[in-house]
Amino acid sequence: TTGNKTSAIVFVILGFSHRPDMKVIFFILFLCIYIITVLGNLIILLVINMDPVLHTPMYFFLTNLSFLEICYTSVTLPRVLVSLLSSDTSISFAGCAAQMYFFLFFGATECCLLAAMAYDRYLAICSPLHYMDIMNKKVCMQLAASSWICGNLVALGHTTFIFSLPFCGSNVINHFFCEIQPVLMLVCGDTYWNELQIILAAAFVILMPFLLILVSYSLIISSILKIESARGRYKAFSTCFSHLTVVTLFYGTAVFIYIRPKSSYSLDVDKVLSLFYSVLTPILNPIIYSLRNREVKGALFKMRRKLFHPSS
């Protein structure tokens, strides 16, 4: 297939069209998820920006994470909602490439940002006396900027590589967005080496930050166990619990999806699993941080009091 023919391809995203009887239910469900995700993360952003008590490194990274979750969800869900309302589920070659790029961009950025947040928790617990000197505003900005730059480079490399391959035969993507594996299955010829390169690159992008997180938490746990009082241990661990929960949810499915050969790939199973890290993690993020974090709950209470009882 020539480059011109390949670029003229129009893909059809199968999505959830195999259950036309469930279209209305799916639409209502995904619409509610999208609204709650956007509103929940916006509230986290507003609360942190409005309360000076929360102007600390940990909450600086949390604002980045909340903004990232809004962008991450907006790459897939709006198009899913449109396709559920319309019978046209096609997407252009360029549109599919753009969707994959932004999805990988925000996903890879989140991997790096979660590692930066783990490093922040490590310093806060293991080096509390030097924490504010080391984790100053400049360092926070550099870590956040590095996460976004790294995410952009990863997405650009993956997307350029995949969409420079020749496509032929079926143009049906059995997924609800332009995910790597379903798109790769439409490439002509033997894709073994292409697949291997993508798996190795994904392993590097996903596992490197994950290893940094594991090292950080092994040192954190070691420090917590040295604390004599049970109350002190609980207080130290509670500052990490929210981040650890988000890491488990995000990495648990992402590792399973990306770091394995195509032979073990199940289209329908992976479509469901993709919902966990692309849809459920962003909606759970504000819930996890607001329910488990005393400072965020206090800031939410103050904001609510200002909005509904301004004179009190």
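Here the Cβ of each residue, glycine as well, is placed from N, Cα and C on the backbone.
Remember, TrEMBL labels are computer predictions, not curated facts.
Pulled from TrEMBL:
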- 24-47: transmembrane segment (TRANSMEM)
- 40-289: domain 'G-protein coupled receptors family 1 profile' (DOMAIN)
- 59-81: transmembrane segment (TRANSMEM)
- 101-119: transmembrane segment (TRANSMEM)
- 139-163: transmembrane segment (TRANSMEM)
- 198-220: transmembrane segment (TRANSMEM)
- 241-260: transmembrane segment (TRANSMEM)
- 272-291: transmembrane segment (TRANSMEM)
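The transmembrane segment (139-163) makes no contact with the transmembrane segment (272-291): fewer than 3 of their CB pairs lie within 8 A, with pairs spaced 6 or more apart in sequence. The stretch from 24-47, 59-81, 101-119, 272-291 that makes the most Cβ contacts under 8 Å with the transmembrane segment (198-220) is 101-119. Regional average pLDDT for the domain 'G-protein coupled receptors family 1 profile' (40-289) in the model is 85.
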